[in-house]
Amino acid sequence: MTLEGQETAGPLRATLLPTANGSRPSQELEGHWPEIPGRSPCVAGVIPVIYYSILLGLGLPVNLLTTVALARLAARTRKPSYYYLLALTASDIVTQVVIVFVGFLLQGAVLAREVPRAVVRSANILEFTANHASVWIAVLLTVDRYSALCHPLHHRAASSPGRSRRAIATVLGAALLTGIPFYWWLDVWRDADAPSLLDEVLKWAHCLTVYFIPCGVFLAANSAIIWRLRRRSHGGPRPRVGKSTAILLGVTTLFALLWAPRIFVMLYHLYVAPVHRDWRVHLALDVANMAAMLNTAVNFGLYCLVSKTFRAAVREVIHDAHLPCTLGSRPEGTAADSALKPPGLPQGAEM
């Protein structure tokens, strides 16, 4: 995910003649791009900067808390689903740091995009790697839940923490390899040339890799899971939807909804009207990018809403983090007596 929706703060190139906003239908929008492009105004103004600052300030601590809670649950239960959710949260953290902080805030707002092109393109590799890793770890979670519900005997025999870790490592390695070609991703705010065949291939590869193929897997697996649950309900009482299944349906649905605008605007920009010629497409891409990045911060609320076990783990993490501060503020003897007292014993029954 790159910074197509950001406005360049520096002066225009000498070859770019200032023209009126290109939202009117004319020959200027024929083909992929006009020969002499003009710049559409950044209608959103500072709203994206404020939005991404809030998203990073709230989302990053929440994801760190989620990581600690899921790590404890994974160590206790050794369930594959917790390992996949842990890897998904770690990918969201990398996405927030690399794309939201380094890309949108540091490079786009603070440095006004005055960054060497080699640095920008190297950052593209990390950005797309983080995107691909996050999406395809969700695919792993989907396949795991499908196997657990539709093929329970095979799932019990084959699933293990070691196998889950190997699958996650394979996905992370594949995400890095698939992110390397995006070093040549065309930045429309820096490159005056028309999009080449390579750029068109990369944009379609991005859409297929992060949206169309994963959403196809989500749709097929979730449909099979829902069909299996409904089939079980015909022979007796209505089956209870497990917490892991509910989390899976929520995660995949939120992803499909929040990423759909970006994919649509990207293809519209590529084939209909470029971002820098129509302020409406420019604004749509800004909003679409903000919606897509919101996906990195909403899973914590979903986990808390669905899982009582996760809520208990979060409370435990917060309590353990608060306990050293509480003990440190007490007198020395009181803290020592409290630490030595066994939990669960009634008053006056200390050993």
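Cβ atoms are placed via backbone N, Cα and C, with glycine included.
TrEMBL labels come from automatic prediction, so no person has curated them.
Copied from TrEMBL, the annotated features are:
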- 62-303: domain 'G-protein coupled receptors family 1 profile' (DOMAIN)
- 1-31: region 'Disordered' (REGION)
- 49-70: transmembrane segment (TRANSMEM)
- 82-105: transmembrane segment (TRANSMEM)
- 125-146: transmembrane segment (TRANSMEM)
- 167-186: transmembrane segment (TRANSMEM)
- 201-225: transmembrane segment (TRANSMEM)
- 246-271: transmembrane segment (TRANSMEM)
- 283-306: transmembrane segment (TRANSMEM)
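For the transmembrane segment (125-146), the list of distant contacts is 1-2, 80-81, 84-85, 87-88, 91-92, 94-95, 98-99, 103, 155, 159, 164, 167-168, 171-172, 174-176, 178-180, 182-183, 185, 206, 209-211, 214, 217-218, 221-222, 224-225, 244-245, 248, 251-252, 255, 296: same-chain residues at least six beyond its ends, Cβ to Cβ under 8 Å. With Cβ pairs under 8 Å as the measure, the transmembrane segment (201-225) is packed most heavily against 246-271, out of 49-70, 82-105, 167-186, 246-271, 283-306. Residues 1, 4, 32, 81, 85, 88, 135, 138, 141-142, 145, 188, 195, 200, 203, 206-207, 210-212, 214-215, 218, 222, 225, 281, 284-285, 287-289, 291-292, 294-295, 298-299, 302-303, 306-307 of the same chain lie 6 or more positions beyond the ends of the transmembrane segment (246-271) yet place their CB under 8 Å from a CB of it.
Within its own chain, the transmembrane segment (82-105) is flanked in space by residues 1-3, 6, 48-49, 52-53, 55-56, 59-60, 63-64, 66-67, 70-71, 73-74, 123, 126-127, 130-131, 133-134, 137-138, 140-141, 144, 161, 164-165, 168, 171-172, 247, 251, 289, 293, 295-297, 299, 303, which lie at least six positions past its ends and keep a Cβ under 8 Å from the stretch. Under 8 Å from some Cβ of the transmembrane segment (49-70) lie the Cβ atoms of residues 82, 85-86, 89-90, 92-93, 96-97, 100-101, 104-105, 109, 290, 293-294, 296-297, 299-300, 303, 310, 313-314, 316-318, all in the same chain and six or more residues away from its ends. Residues of the same chain lying 6 or more positions beyond the ends of the transmembrane segment (167-186) and with a Cβ under 8 Å from any Cβ of it are 2, 83-84, 87, 121-122, 124-133, 136-137, 140, 193, 195-196, 198-199, 202, 205-206, 209. Over the domain 'G-protein coupled receptors family 1 profile' (62-303) the predicted model carries a mean pLDDT of 87.
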